[in-house]
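Asker: Copied straight from Swiss-Prot:
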BINDING   L657, G658, K659, G660, G661, F662, S663, E664, V665, K680  ATP binding site
COMPBIAS  10-21  compositional bias 'Gly residues'
COMPBIAS  42-52  compositional bias 'Polar residues'
COMPBIAS  172-231  compositional bias 'Low complexity'
COMPBIAS  233-244  compositional bias 'Polar residues'
COMPBIAS  320-341  compositional bias 'Polar residues'
COMPBIAS  342-355  compositional bias 'Low complexity'
COMPBIAS  365-381  compositional bias 'Polar residues'
COMPBIAS  382-401  compositional bias 'Low complexity'
COMPBIAS  552-572  compositional bias 'Polar residues'
DOMAIN    651-928  domain 'Protein kinase'
MOD_RES   S634  phosphoserine
REGION    1-22  region 'Disordered'
REGION    35-72  region 'Disordered'
REGION    95-120  region 'Disordered'
REGION    172-292  region 'Disordered'
REGION    320-402  region 'Disordered'
REGION    538-576  region 'Disordered'
Amino acid sequence: MSMLSMDGIVAGGGSSSGGGERSFVLEQKMFNTGPQNKALPTVQSSGSSSNHAPIVGESPLGTVSSTMATGDTGRVGNVTYMSSGMLGATQFMPQNSSHPSTSVMMQQVPPQNGGATRSSPTEMQQCMQAMSEDSIEMRDYNSGVHHMHPHQMQMQQQQQHHQQQYNMSYHNHQQQMQQMHYHQQQQQYQQQQAQHHQMYAPQIQQQQQQPQQQSQQQSAQQPQQSSAALQHVNESSNLSSAGSISDREPEQHGGTPQRPTAPQSSTATDKKTRKRRKAGPTEDQATPKQERKITEFMKVGGEVASGNSVARCLLTEYHQNQGSPKRQPAVQQNGSNSYDSQQQQPQMNQHEMQNSYWGVATPSLGVNNRGTPTPTQQQHYSSDSNSNSNQSPPGQGNQSGRMVRTIDEETQTDSSLSQANPQNADEVAKMNRIIEDHRRQIEELNSKNSLERRKNEASKETIKRLLIDKNQIERKALRDKTAADSPRIGCFKTTRTGDSFRDQWVDGWAFAEMDKKTEQINAERNEIASASALLKKRKPLGIGKEPKRPQAVNSQNDSNGMQPSTSSNTNGDDAIFRRPEEPKEIQYQEYIELDEIYKLRREHLRKEETDLSMEKERLEKEKQHHVRELKRASNESASQFNDHRLLHKRYLMLNLLGKGGFSEVWKAFDIEENRYVACKIHHVNKDWKEEKKANYVKHAMREKDIHKSLDHCRIVKQYDLLTIDNHSFCTVLEYVPGNDLDFYLKQNRSISEKEARSIIMQVVSALVYLNEKSTPIIHYDLKPANILLESGNTSGAIKITDFGLSKIMEGESDDHDLGIELTSQFAGTYWYLPPETFIVPPPKITCKVDVWSIGVIFYQCIYGKKPFGNDLTQQKILEYNTIINAREVSFPSKPQVSSAAQDFIRRCLQYRKEDRADVFELAKHELFRPRGAIRASVAGSLLLVIITLCQHSNRSEDRLCVSNV
């Protein structure tokens with residue numbers, strides 16, 4: 001159906017049957033009559049195949065009548081267009097529906113610019129909304145007949161007034177938004193065109209020259225066709241394009257039919273009122289496929305292309321025409337004349353090219369669909385004059401044809417794709433089966449994964465429960481053992497000292513028995529010593545010769561064991577003042593026997609004393625274990641993690657390993673990795689000052705950063721770091737079973753040189769790793785308590801831990817020898833720190849701090865004591881300046897130590913750090929060479945000395961021989 005929108009009422013004609021043509025006027029029910037009525041211009045279509053513009057004429061009722069050609073389709077009848085501005089804000093107009101004989105009531109937007117706005121058929125379709133599918137009555141127009149009560153008419157006018165205000169505000173807002181969007185698209189298009197011209201400037205110039213040549217050829221033929229051109233209007237309007245181009249109809253009558261010379265006037269009074277019945281097309285009247293209109297290819301109900309799609313099609317068509325000039329004349333195939341080709345300009349400026357792409361919305365045939373003209377459309381049509389009211393804007397004729405043709409191509413392409421879909425049905429079904437198989441496999445894998453996850457969670461819960469049960473049993477056993485050993489070994493008892501209470505250690509009955517045995521051994525030793533002294537006094541005069549004595553004297557001496565008194569006197573004075581008798585001499589054999597008995601008793605006492613000392617030492621070890629367990633159990637019961645807490649749903653806390661000043665170490669189990677770990681929990685005291693808190697956190701974070709970057713077999717690994725609360729956090733470390741070296745030395749006091757050499761060799765290996773890094777690390781707190789023994793004794797591997805006081809030597813490699821400033825002076829363990837750390841102000845330190853610590857540890861392992869300040873506390877060491885005055889180390893006579901071990905200790909304990917060896921020199925020391933290599937080197941040196949002596953002796957003999965000659 002072809003329609004032309006004018007400011008007022010629009011009536012559309014139905015189809016015409018056979019060769020006869022009927023003209024009728026579709027009158028809409030008028031609610032506003034009286035003085036507001038105006039002359040209604042009428043446009044009438046004759047139904048011919050011409051693409052001429054409508055001819056405007058005067059009707060008897062004062063309406064303007066115009067005849068319009070809509071093409072040789074055989075389905076379009078005469079159409080009369082009636083225009084008036086009396087309807088106010090809301091106007092209704094009929095429109096043909098999908099059925100040829102059915103009219104659709106449309107709602108038109110209010111006119112713009114005082115009723116002077118004109119719209120193209122495509123734009124008009126956007127501005128209308130279908131109201132119903134019922135046919136409307138065909139009646140004559142009579143201004144004197146009122147069809148509504150005045151009160152109802154007043155209410156209707158008020159509603160229309162409010163609706164008009166709302167529509168005006170709404171459309172103004174929509175126009176502003178569309179104008180903004182249009183300007184944005186225009187700017188983007190200008191940028192793209194500028195880039196396009198820059199990239200393809202030579203090609204564009206060549207393409208522009210070709211249309212100029214064609215225009216010159218056409219200009220020669222223009223005078224011949226000027227008379228025919230004057231009789232035709234612009235055939236590229238939306239009216240002609242809607243009638244011929246979209247239908248793609250070939251010309252059947254040998255060209256364009258002649259335009260009627262006089263308009264056929266029609267009046268509303270000559271037309272009788274009648275109804276249009278809904279009747280479907282018969283098979284005889286069915287339109288062939290090649291003669292169908294574009295509206296028959298569109299889908300009803302919102303399935304047609306949108307305005308943005310049409311604009312995109314127009315943009316694509318423009319690029320295709322610009323790239324291929326041969327496709328431009330294709331617009332004239334469907335009933336167009338040569339005037340269209342003459343009006344085509346070979347070259348358009350930028351403004352015309354931008355205006356040619358004004359947005360067009362595809363009319364929808366569905367019910368209750370409304371189209372709104374874009375600001376671009378209103379701008380074009382409002383700028384035209386009234387004389388060219390039936391023509392499209394300049395340069396828009398071909399664009400409308402291209403638009404309709406592109407829509408036709410899109411709909412035909414969709415039809416071809418829909419026909420090709422059954423051919424690919426097998427492939428689609430196959431792909432669907434594959435997708436279903438994959439979906440089923442994914443579901444199976446997800447179910448298996450969820451099942452495995454549930455099993456894993458159940459296993460974790462089982463492991464957790466078993467570990468808790470085992471730990472509870474172990475805790476109970478330790479408590480029972482501690483309670484049983486306390487009477488025998490001892491325990492802590494709270495005693496009062498002045499106004500304070502303190503825990504004091506009290507020994508058990510085992511130590512009391514040890515003391516009794518010691519007293520008995522000492523008493524027996526004293527008795528044997530006195531008897532031995534008396535025996536020496538009775539020693540015979542001639543040892544080896546038997547003395548001559550009477551038999552009676554010998555028998556008396558044997559019986560009494562003493563010599564007779566020489567001062568025996570019967571007088572009373574002699575009885576009062578009696579002289580002690582001299583010890584009688586005993587026989588030689590008796591003397592030898594008594595002397596042998598006393599010697600054996602002394603040896604027996606010595607053995608008992610050794611056994612007693614060993615038992616006492618063993619009891620001391622038990623006491624250390626017992627005291628340690630008592631403290632550990634007390635700290636464990638007072639800790640907040642004694643309830644088998646699960647940190648971060650991963651680390652199960654089992655039992656406390658030890659507690660320091662501001663941290664505690666727990667043995668835990670990692671249920672994710674199934675391994676035992678050590679969790680070091682750092683506590684920040686709430687009562688500390690902010691400066692102290694910041695300092696502690698700084699050291700803890702530095703320890704974490706340093707420790708996490710280390711990976712060596714002789715260094716404890718750090719696995720994780722996690723936050724517990726606002727005042728505590730935890731570092732997860734590698735768990736090392738056994739004890740530390742400090743605990744082992746307390747039990748054994750000293751170890752052999754071989755065992756000490758093995759431990760020091762592993763420590764030096766770890767220090768070499770720390771110093772080979774790009775930023776060397778100083779441990780600064782190396783001591784026996786931070787050397788862990790994996791097997792619990794000195795015959796196994798060791799690991800270094802506790803990097804809380806570590807330092808990083810940043811900067812260039814040349815600055816590492818100068819050292820870094822000591823920021824934590826008087827921190828650490830004083831017995832193992834070098835003299836430079838006690839100098840005020842704080843000096844610069846290097847990695848040789850750890851070298852001094854190695855020397856002290858090696859000395860303590862061999863000799864059982866520290867080389868400096870062994871019996872002093874740390875406070876006394878500071879008061880007496882013990883370490884500052886430690887300029888030379890001395891070695892006890894026992895035990896015997898090799899010269900290589902003593903030289904190693906001297907190199908480590910040099911007072912000046914410049915004279916002290918570094919870790920790389922210690923690693924190459926002869927102490928760490930294999931024993932066979934040392935013996936070979938010693939043998940080689942001895943052989944060299946012998947050869948030198950022999951050469952010297954040979955030279956001396958030669959000189960002696962020469963002198964004799």
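From the backbone N, Cα and C atoms, a Cβ is placed for every residue, glycine too.
Model, not experiment: these values are computed from the prediction.
Give me the local environment of each listed feature.
Answerer: DSSP assigns L657 (ATP binding site) to a strand segment in the three-state reduction.
Listed in sequence order, the same-chain residues six or more apart from S634 (phosphoserine) with CB atoms under 8 A from its CB number zero; the list is none. When secondary structure is read from DSSP and collapsed to three states, S634 (phosphoserine) falls in the helix class.
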Asker: Looking only at L657, G658, K659, G660, G661, F662, S663, E664, V665, K680, which the record lists for ATP, tell me the maximum pairwise CA distance in angstrom.
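Answerer: Between the outermost Cα atoms of L657, G658, K659, G660, G661, F662, S663, E664, V665, K680, the distance is 14 Å.
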Asker: Residues with Cβ closer than 8 Å to the Cβ of L657 (ATP binding site), same chain and 6+ apart in sequence?
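Answerer: Same-chain residues close to L657 (ATP binding site) (Cβ under 8 Å, separated by 6 or more) are R632, V665, W666, K667, A678.
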Asker: Taking the center of the Cβ atoms of L657, G658, K659, G660, G661, F662, S663, E664, V665, K680 at the recorded ATP site, which other residues in this chain have a Cβ no more than 8 Å from that point?
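Answerer: Output for this site, in sequence order: I681.
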Asker: Determine the mean pLDDT over the domain 'Protein kinase' (651-928), rounding to the nearest whole number.
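Answerer: Mean model confidence (pLDDT) across the domain 'Protein kinase' (651-928) is 88.
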Asker: In the three-state scheme derived from DSSP, which category covers S663 (ATP binding site)?
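Answerer: The three-state answer is strand.
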